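Sharing a structure here in structure tokens format.
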Amino acid sequence: MGSCCSSQDGDGNGKATAGSTVDSHELSQSVKGKIKQPEPKPKPPPQVPPAQDVKYPIYVGKYDYDSRTDDDLSFKKGDLMYIISTDEGDWWFARSKDTAGKEGYIPSNYVAEYKSLDAEEWFLGKIKRVEAEKMLNQSFNQVGSFLIRDSETTPGDFSLSVKDQDRVRHYRVRRLEDGSLFVTRRSTFQILHELVDHYKIETDGLCCKLLYPCLQAEKPQTAGLLRQANEEWEIEKTQIKLLRRLGAGQFGEVWEGLWNGTTSVAVKTLKPGTMSVEEFLQEASIMKRLRHPKLIQLYAVCTKEEPIYIVTELMKYGSLLEYLRGEDGVLKIEQLVDVAAQVASGMSYLEQQNYIHRDLAARNILVGEHGICKVADFGLARVIDEEIYEAHTGAKFPIKWTAPEAAMYNRFTIKSDVWSFGVVLYEIITYGRFPYPGMTNPEVLEKIQQNYRMPCPANCPKQFHDIMLDCWREDPASRPTFETLQWQLEEFFNSEGYRDPDAIH
């Protein structure tokens with residue numbers, strides 16, 4: 001991945017600023033002509049003379065973006081662009097303000113309106129306190145790093161989070177009746193930029209000066225590999241170059257690949273006969289619409305000939321199971337709980353979308369840079385040919401991860417996913433140990449029906465084991481929701497709440 005970098009934050013005088021990341025790794029564009037390009041779509045919006053650009057809103061780049069096709073527009077963080085058209089939804093047609101009027105499509109979530117609050121690299125908007133703490137506690141953020149976010153409890157107010165020597169401190173940014181903002185009543189400001197500028201110069205009751213906008217661990221996902229992907233995501237295998245085999249399983253292999261000579265991807269190749277192409281495409285069309293920071297994004301498929309290719313985003317460290325068992329996975333309890341919270345976050349989104357994973361396990365969770373974890377392979381278990389599954393595994397389901405009502409009666413629900421999540425918690429806290437050690441699949445089913453549950457592993461906090469037991473309740477309706485599980489894990493270590501300077505000074 002790219003090296004850690006920093007930039008000056010907004011100073012309220014109209015200078016363009018934008019969000020920073022330390023994950024700037026994207027392979028540079030290369031020999032596009034040697035690789036078959038996507039089928040051309042209708043021409044971009046009509047050319048507009050630069051003299052008329054004054055009609056169009058100006059946006060600023062929040063992250064670097066390297067073009068993936070000839071239709072794209074490359075830009076750097078801080079570059080200014082005219083937005084000519086937003087008709088394509090997640091991909092906007094833009095003209096560069098600074099590079100001889102070059103035009104092309106850009107991902108809309110990589111830019112923000114010039115001089116707006118969203119364009120400030122220290123403004124993160126709607127994120128939780130626990131997310132702010134995790135971001136600021138990353139090793140590349142120094143003491144004095146800060147961010148401002150929307151208040152979780154009071155609409156219209158904000159929260160200021162600052163990295164101190166020993167912890168992250170949180171301050172309420174409140175409003176007076178006249179609309180002015182304050183942290184302490186002795187210092188009031190008309191806009192957030194003024195507040196930030198003031199606390200850059202002096203602490204005035206804060207734990208330290210505001211020195212560095214918070215760096216982010218990764219760029220946001222784009223909506224697919226390219227703008228046409230929303231409608232046309234069946235791609236030719238000639239566009240994919242398989243570089244390195246990452247692993248193999250009972251249904252195929254996983255490769256690191258390069259799409260279109262520009263973009264790193266993961267490619268799952270499925271053994272012939274693993275599933276019906278028609279059923280897979282039907283399920284994949286749903287999977288592709290599921291987008292969340294803690295879900296692996298499905299980019300494209302190749303189904304015209306076997307083996308089927310499933311093209312997704314690439315995660316550096318592979319499966320959580322192998323990560324936990326390897327040298328890189330020697331994690332502290334705080335990190336293990338954070339991994340569990342991330343998985344619960346992705347599953348909470350699937351829960352909201354009324355979507356069932358069916359095969360939740362550490363082997364189907366992937367790990368990237370800076371401890372980022374994402375749920376993978378959601379929905380694939382539904383379209384795997386059951387006879388092939390049974391021939392390879394000796395059972396229709398991975399019994400030790402499967403809820404009893406699903407294993408015995410094929411009743412898969414989000415609550416059966418919750419049961420599986422409890423087993424994932426066991427895998428996490430034991431660094432990838434196989435569940436129900438020493439027991440066969442039939443023995444596991446029999447023991448579970450007799451109310452047996454795995455005991456608390458060594459060095460596992462009782463509170464963590466209690467969450468497992470909640471996931472393994474016999475009555476599916478009595479199991480917690482993933483929303484509840486996410487909250488429980490995010491708040492597992494209750495840090496100090498808001499620090500109110502008015503009460504201290």
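Just so you know, glycine gets a Cβ as well, placed from its N, Cα and C.
Swiss-Prot feature annotations, pasted as is:
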ACT_SITE  Asp359  active site, proton acceptor
BINDING   Leu246, Gly247, Ala248, Gly249, Gln250, Phe251, Gly252, Glu253, Val254, Lys268  ATP binding site
COMPBIAS  1-10  compositional bias 'Polar residues'
COMPBIAS  18-31  compositional bias 'Polar residues'
DOMAIN    122-214  domain 'SH2'
DOMAIN    240-493  domain 'Protein kinase'
REGION    1-53  region 'Disordered'
I'd like the Cβ neighbour count for Leu246 (ATP binding site), meaning other Cβ atoms within 10 Å of its Cβ, all protein chains included.
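So the number of other Cβ atoms within 10 Å of Leu246 (ATP binding site) is 18.
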Among the recorded positions Ala248, Gly252, Val254, Asp359, which residue has the fewest other Cβ atoms within 10 Å of its own Cβ?
Ala248
Pull the DSSP breakdown for the domain 'SH2' (122-214) and write it out as helix, strand, coil residue counts.
18 helix, 29 strand, 46 coil
Any idea what the model's mean pLDDT is for the domain 'Protein kinase' (240-493)?
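Average per-residue pLDDT within the domain 'Protein kinase' (240-493): 89.
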Which of the three DSSP states, helix, strand or coil, fits Leu246 (ATP binding site)?
strand
What is the separation, in Å, between the Cα atoms of Asp359 (active site, proton acceptor) and Gly252 (ATP binding site)?
16
